Each structure stands twice: as C-alpha cells, then as structure tokens.
Amino acid sequence: MTALFIITGLVINQIFSYAWFSDNMEDKQEQVMNCRSKGRLLALHVFGMGIFLRYYHLLRQGYRVVWRASSSDNANFQERHHELFCMATDLSMLKLFESFLESAPQLLLQLYIWQGHDEWFILQYLSLVFSFFNLAWSLVDYRSCLRRSLPYIRGLPSGPPTVVYLLYKLFTITSLTLSYSLLLTLSVYTTVGLTVFWLLGTIWAHLLQTNFCTSTALELLYRGIIGAILVFSFFNVKGQNTKLEMIIYYFSCTAINVSTPLMLFFLKPELKAIIFFWSVSGLIYGGSLLGLVSLVWYYHFLHPKRSDPDEVDGLGKESPSVRRIRTFIKP
C-alpha cells in the first residue's frame, strides 16, 4: 500500500506537470527548456523527471531575472517577476498533490501499523510530528505563492497571520488523521467510510463545475484529487463564498473527533489500560479545540480582506499559468 501511494502521487504529478507544460508551450508558441518536441518532454515525465525539470526551469529563469534586473525597464521586470511567482505556484500545486495523495495516506497507514505495537520509540514520535508539520506547511507555502501570483489579491502577511493559519491547519489535520487511525483500529471497514467521504468531496467538486483543466479527462481526475484532499482538510474549491460549507465540514470533523475516542472507550475496553490510547485521545480533543479556535481567530481577525469578486472574469488575456492559479482550490 505504501508503494501504491508513492506511485499514485508520482504518476498524477507527472501527468499534470506535462499537461501544464504543454499548455504553456501552445500559448507561447515556443519550446520550454530547449525541449524541441513534446515527445522529449513526455519522455522526461515518463521517467519521473517532471518536478526536477520545473525546479531547473525556475532556478534558470530566476537567475536571468536577477542578473538582468539592472538592464531591464520596470514594466518588463515586474512581468518577469510575476512569471517567476506563477512558476513557483505551479510547483507548489504539485507539492500539494503529493502531500495529500502520497504523504497523508502514508501517514495514516503508518499510524494504523504503529498502533498495533506496545512500544513506540522517540524517533517514531519525531517522525509523526515532522510529517504533520510538513502537511500543514505545504498548505501555508501554497497559500503564500497563490496570493503573490495573482495581482488582484493581497499577499498573505507574514508574522501572526501566517503562524495562526499554520496552527489552524496543523491542529485540524492532526486531530482528524488521528481519529481516522483510531477508527481503523476499531474496524478496517472504516476504509469504506473514508471512500464515501472521498466520493462526497468529488461529487461536490463536480456539482460546482470546476474548470481547472483544459481537457475533460484531466478535469475529472482533478475533481477526484479534490475529493482526496477534502478527506483531510477543507478547501475552497472554486473561489466562492463557502462559509456554510466550511461550517458543515468542520461540524462533521468535530463530530468524528469527539465520538471516536468514546467509541473505542466503550467498544474496546481493553484499550483503557494503554497509555497510548489516552495520549492520542488527548491530542484529538486538544487538537480539535485548538484548531477551531485558530480557524475562528484567523478568519475573523487576520484574514486579508477580499478585493476580488468570487469568480474573476474579464481580466483580459490570461496565460495558462495564471488561469490555472485563478481556478485552483483556495486553502
């Protein structure tokens, strides 16, 4: 299953990376990175080199912008600077796919396996903490890149807003994932419930008629990915006002977090003698409470005010990169 998660994340990342490169090439009528044909570009992605290609392209373009800044006019420099942030946001999107298609399921699987052992080592605890932090930070990184790459949206302020947003995602994802792991300990048929949760997220994205991709097949795949992400964390799927949907989502998550330790307490009384059960239950209740407090604190006091309409149209000709970023899910 670990290998399956790794392969799934890798393949989906390469598919979207190649599709985005193709869109950019068609828009500019030029070959990216001196790849003289789509065949060579496809070959690089078949061998899993798409992400490395993007990093190389970003570093190369960044070097050119920095060293040519003094000889370029301000308008040209601003345009190149914006292109760099669009490229960085593309990479951040792909990292987000990897986090929730590969890292999050692997983390849940490892939690399920480790709960079957009586002893845990300090390295395992550190690994879990780092994994949860990595998931939360991927969201902060993507949100920061997203807001800086769209000219009509204010950037995410550093300092308290970033810290509180990180804590909000860290606590909510941690508590929900730990609840899932306890439910899997109770019954492996919990996977059926997780599948239903994924289907509901996918259907919601379908009902919203997302328009992220240029082809129908990729759009359907993208909606399936949204469903997988929503299993672990809430996202604004289409840039609209989703206050009601967010309330329903986190009400459901809170119900899961509150009921899961109680179910194990009564249905598996032998766990009451295990310190691990009490520790995880404390993390679930504490993380759920702190996550909700951080959520309310962030959106009530620290969230940048919207200066854009729910769906931005009529902005003139957009590059494929900007159109992708504008229509991608909003954390």
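Numbering starts at 1 and runs along the chain as it is shown here.
Placed from the backbone N, Cα and C atoms, the Cβ positions cover glycine too.
Note: TrEMBL annotation is automatic and uncurated.
Owing to the predicted nature of the structure, the values given are computational and were not obtained by experimental measurement.
Residues or ranges marked as transmembrane segment by TrEMBL: 41-59, 120-142, 188-208, 220-235, 247-267, 274-299.
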Applying the under-8 angstroms CB criterion, which one of 41-59, 120-142, 188-208, 247-267 scores highest with the transmembrane segment (220-235)?
188-208
Within the same chain, where does the transmembrane segment (188-208) have neighbours whose Cβ lies under 8 angstroms from its own Cβ atoms, ignoring anything closer than 6 residues to its ends? I mean 6 or more beyond.
180, 222-224, 226-231, 237-238, 240, 245
